[in-house]
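The feature ubiquitin cross-link is assigned by Swiss-Prot to Lys21, Lys26, Lys42, Lys44, Lys48, Lys63, Lys78. The domain 'Ubiquitin-like 1' annotation in Swiss-Prot covers 1-15, and the record cites sequence analysis as its basis. Among the features that Swiss-Prot reports, domain 'Ubiquitin-like 2' is placed at 16-91, with the record citing sequence analysis. Positions annotated as domain 'Ubiquitin-like 3' by Swiss-Prot, on the basis of sequence analysis: 92-167. Marked as site 'Interacts with activating enzyme' by Swiss-Prot: Arg69, Arg87. The site 'Essential for function' feature in Swiss-Prot is assigned to His83.
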Amino acid sequence: QKESTLHLVLRLRGGMQIFVKTLTGKTITLEVEPSDTIENVKAKIQDKEGIPPDQQRLIFAGKQLEDGRTLSDYNIQKESTLHLVLRLRGGMQIFVKTLTGKTITLEVEPSDTIENVKAKIQDKEGIPPDQQRLIFAGKQLEDGRTLSDYNIQKESTLHLVLRLRGG
């Protein structure tokens, strides 16, 4: 009796398969749940491939996936293919100073886009990216550009200005 109930619960939750394609062209199949975090997925890749999570960058639909988010947050469904890029050098830290004087520390890569950086700020502070304006060396930073495009290096400080709705 107990067993059949458990079985039913598992069937209802239902896992799904996704594929992870590496730069060498190898495809790894993973069993996941929509509620799995990206961190969980990286742990599964480590189990299969022995690659430490901190060396993994996962890309889906051109976006780099953030550890704290879930597969369903990114609308990753069964049979979706993620791309795995290895992060060889360590990342770097940058600082983001808000108007209230608070300083946020972020782990980034020179190849991260401004959009990625805004997503990281959202994860830490809960501020939606469309309300964020980032300023560096007096310039407003464009979403599609990367940190290296602006010559933003480790320990650089960006300034965060909030864009109020409308206007």
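Any Cβ shown, glycine's included, is placed from N, Cα and C.
Cα spacing between Arg87 (site 'Interacts with activating enzyme') and Lys78 (ubiquitin cross-link): 26 Å, rounded to the nearest whole number. The Cβ of Lys26 (ubiquitin cross-link) lies under 8 Å from the Cβ of no residue that is in the same chain and 6 or more residues away along the sequence. Summed and averaged per residue, pLDDT over the domain 'Ubiquitin-like 3' (92-167) gives 90.
Taking Cβ-Cβ distances under 8 Å and a sequence gap of 6 or more within the same chain, the neighbours of Lys48 (ubiquitin cross-link) are Ile28, Leu30. Cα to Cα, Lys42 (ubiquitin cross-link) and Lys63 (ubiquitin cross-link) are separated by 16 Å. Annotation note: His83 (site 'Essential for function') sits in a strand segment as assigned by DSSP. All protein chains included, His83 (site 'Essential for function') registers 17 other Cβ atoms within 10 Å of its own Cβ. Secondary structure by DSSP for the domain 'Ubiquitin-like 3' (92-167): 18 helix, 28 strand, 30 coil.
According to DSSP, Lys78 (ubiquitin cross-link) is assigned to coil rather than to any helix or strand. Cβ neighbours of Lys63 (ubiquitin cross-link) (same chain, under 8 Å, six or more residues apart in sequence): Tyr74, Glu115, Asn116. The most densely surrounded of the recorded positions Lys21, Lys42, Arg69, Lys78, Arg87 is Lys42 (count of other Cβ atoms within 10 A of its Cβ).
Considering only the recorded positions Lys21, Lys44, Arg69, His83 (site 'Essential for function') has Lys21 as its nearest partner by CA-CA distance.
A simple way to gauge crowding: the CB of Lys44 (ubiquitin cross-link) has 17 other CB atoms within 10 angstroms, across all the protein chains here.
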